[in-house]
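TrEMBL lists 40-289 with the feature domain 'Nucleoside phosphorylase'. For ARG80, ARG124, ILE125, GLY126, THR127, the entry in TrEMBL reads phosphate binding site. What TrEMBL lists as substrate binding site is GLN203, ARG205.
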Amino acid sequence: RENFIHLCNPHLEKMKEDILYHFALGTGTHDFPTLFGDVKFVCVGGSPSRMKAFIAYIAEELGLGSPGCDYPNICAGTDRYAMYKVGPVLSVSHGMGIPSISIMLHELIKLLYHAKCSDITIIRIGTSGGIGLEPGSVVITRQSVDATFKPQLEQVVLGKTVIRSTNLDEQLAKELMQCSKEIGQFNTVIGNTMCTLDFYEGQGRLDGAICLYDEEEKLQYLRNAYESGVRNIEMESSVFAAMCNLSGVKAAVVCVTLLNRLEGDQISSPHDVLVEYQQRPQKLVGYFIKKSLGKV
């Protein structure tokens, strides 16, 4: 049963009903195997609108939807997260930061378990700040590292510090890299991704409400990050990698860089350019899904 979701929680077996509160779904009110049993690919990203756009895009790519077709939000009973489905693909928003994606993943992993899904691949698609890369470059994460460049997630459970691995599936990363080469539309690299707890001080920005370091200190920190193998910075990958590892799920993180942090802190590219950048991860992952289903 290696290819099935593994739950690291023996208490769930004793529950008569499992309420996924933040999804407004529950095993007592919804038939999970019927609704989600055919899911093979789950794509998650911060913004509800971006994940709705992704499901429309993948539906067209797979020939499963008609132009202009609307896709209902499966989680319409809550305003916490949005979820969309077409064929074997599930698209879910996760908000911003480790706490938000952690809550979503707990309920998503349980949903896939209750639906008896197997051979699942979960990919986070999103945006990030690049280090030493041209804006618009796509980074496929090798390892998620913390703000001290260690490949780990440090979490406090029952008052004790727990350290969890944040490695991601090496073969999946290679397959995604090959897909990017076949597309041939934008620069893609495999590198480490730094996951921080904050957008401003935690990422060494000079433009927050509080900043007690100078520009040279900031640049030295980012250079050290680059030398350690870090190619981009975001705020979700560590807990994403850790939870997927514990659940036995193949996982990848694919993020586009919106700026080179060695050259500045604020995103200044025109809106239409940023929109095109943000479509690059979905193009890459969409191609990967099509290829995996034999539709390329």
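Cβ coordinates are placed from backbone N, Cα and C, and glycine is handled just like the others.
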So the record assigns ARG80, ARG124, ILE125, GLY126, THR127 to phosphate. If I measure every Cα pair among those residues, what is the longest distance in angstrom, as a whole number? 20
Which whole-number value in Å describes the distance between the Cα atoms of THR127 (phosphate binding site) and GLN203 (substrate binding site)? 14
For the domain 'Nucleoside phosphorylase' (40-289), what's the model's average pLDDT? 97
List the same-chain residues at least 6 positions away in sequence whose Cβ sits under 8 Å from the Cβ of ARG205 (substrate binding site), in sequence order, or say none. PHE199, CYS211, LYS218, ASP265
Rounded Cα separation (Å) that holds between ARG124 (phosphate binding site) and GLN203 (substrate binding site): 20
Sparsest Cβ environment (other Cβ within 10 Å) among binding-site residues ARG80, ARG124, GLN203 belongs to ARG80
ARG80 (phosphate binding site) to GLN203 (substrate binding site) - Cα separation in whole Å: 26
Binding-site residues compared (ILE125, GLY126, THR127) - highest count of Cβ atoms within 10 Å: ILE125
